[in-house]
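> Pulled these features from Swiss-Prot for this protein:
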type	residues	note
ACT_SITE	96	active site, proton acceptor
ACT_SITE	345	active site, S-methylcysteine intermediate
BINDING	116, 120, 123	[4Fe-4S] cluster binding site
BINDING	170, 171, 202, 224, 225, 226, 302	S-adenosyl-L-methionine binding site
DISULFID	109-345	disulfide bond
DOMAIN	102-342	domain 'Radical SAM core'
């Protein structure tokens, strides 16, 4: 456990919360914007470095507040430019944050929980069980740490982080309030100023919270589907027993239509040899998604010891992709980046992180990043 100081951590406060904090200590609300810029634009955690803040206020802040992100355990850089941070949160658990560069884009994959309670059969993270929800400061702190590492100012055109995906450890919708607060900071001009189209939340399908999402925020949505029928998805994603596909896809369509503009759902589909990669599965998927504006990411499974699953052949993957293409869907197949640092750090977070989920995230993150600007409307089934 990391000892708590009892002070208010300003790192995770939204603009509204920051203004209320300054009210509570008898200061003007405009101070909130000043301090937020120092924290998020310049990565400052020392109040004495906030030079446009009076000395008296700095002393007051030192007495009752702090700026504290997760503790960086390690930072590794792959030969392809991918970066991975292992960070320790207040519960004592470690989580991962991954940065994937691609041309002028830089996508950061952020964790929302330590461990996971969903127990998906092809993902050993769930087998470790759930440890804790991350605080808003620990979620946005991953962006803060990465930004500081690059020495990048968020508001500038050459900033390192252009996209963020909530696709790290955990189910974001099961840590709803903290994830919402962190995503607001990602998009706030006093925070990181990232476009709503470039912030993506990935979910396994917590239907009530998908319905709640549109009341609180407007971000892109990705669904971890992995099966084209309920019987198979019940095996792969046990959450499906509670929220079957018909109900789940209806909730996704409601959310997408609530955005009031032409946006599409991203479907993530991990391909498992002889499990969900056959022609009949592609045919079922075509029928399942016919009323859902979407694009599809096919993610070849990356085996890990004792998983019980294998990666399909390249021919099987291409055949599956071709069938979906012929039906009018925009479909991509992606390969992993950062494999060399994946292996190097696997043991460090072995109790809370597995190789398969990392592979799935790296691939999907890369595609989501590329998707923002390049996918023509005509190429997407609507």
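Glycine too: its Cβ is placed from the backbone N, Cα and C atoms.
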> Counting only residues 6+ away in sequence within the same chain, which have a CB under 8 Å from the CB of residue 226 (S-adenosyl-L-methionine binding site)?
120, 122, 233, 236, 237, 268, 269, 270, 276
> Rounded to the nearest angstrom, how far is the Cα of residue 116 ([4Fe-4S] cluster binding site) from the Cα of residue 171 (S-adenosyl-L-methionine binding site)?
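Residue 171 (S-adenosyl-L-methionine binding site) to residue 116 ([4Fe-4S] cluster binding site), Cα-Cα distance: 7 Å.
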> Using C-alpha positions only, work out which of the recorded positions 96, 109, 116, 123 is nearest to residue 170 (S-adenosyl-L-methionine binding site).
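Of all the candidates listed, 116 is nearest in space.
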> For the recorded positions listed here (109, 120, 225), which one has the lowest count of neighbouring CB atoms within 10 Å of its own CB?
120
> Around residue 170 (S-adenosyl-L-methionine binding site), how many other C-beta atoms are within 10 angstroms of its C-beta?
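Taking all protein chains shown, residue 170 (S-adenosyl-L-methionine binding site) has 28 Cβ neighbours within 10 Å.
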> Roughly how many Å lie between the Cα atoms of residue 225 (S-adenosyl-L-methionine binding site) and residue 109 (disulfide bond), rounded to a whole value?
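With distance taken Cα to Cα, residue 109 (disulfide bond) is 19 Å from residue 225 (S-adenosyl-L-methionine binding site).
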> Just to verify a number: CA distance, residue 224 (S-adenosyl-L-methionine binding site) to residue 123 ([4Fe-4S] cluster binding site), in angstrom, no decimals.
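For residue 224 (S-adenosyl-L-methionine binding site) versus residue 123 ([4Fe-4S] cluster binding site), the Cα atoms are 12 Å apart.
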> Quick check for you: of the recorded positions 96, 116, 123, 302, which have their Cα within 10 Å of the Cα of residue 109 (disulfide bond)?
96
> Looking at the recorded positions 96, 202, 302, whose Cα is closest in space to that of residue 123 ([4Fe-4S] cluster binding site)?
302
> Check the binding-site residues 116, 123 for other C-beta atoms within 10 angstroms of each C-beta and report the one with the most.
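Of 116, 123, the one with the most crowded Cβ is 116.
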> Record lists 170, 171, 202, 224, 225, 226, 302 as binding S-adenosyl-L-methionine; longest Cα-Cα distance in Å?
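Of all Cα pairs among the recorded S-adenosyl-L-methionine binders, the widest measures 20 Å.
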> Measuring Cα to Cα, how many Å separate residue 116 ([4Fe-4S] cluster binding site) from residue 202 (S-adenosyl-L-methionine binding site)?
14
> Averaged over the domain 'Radical SAM core' (102-342), what pLDDT does the predicted model reach?
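Looking only at the domain 'Radical SAM core' (102-342), pLDDT averages out to 92.
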> Can you tell me how many other Cβ atoms are located within 10 Å of the Cβ belonging to residue 171 (S-adenosyl-L-methionine binding site)?
25
> Applying a 10 Å Cβ distance cut-off over all chains shown, what neighbour count does residue 224 (S-adenosyl-L-methionine binding site) have?
24
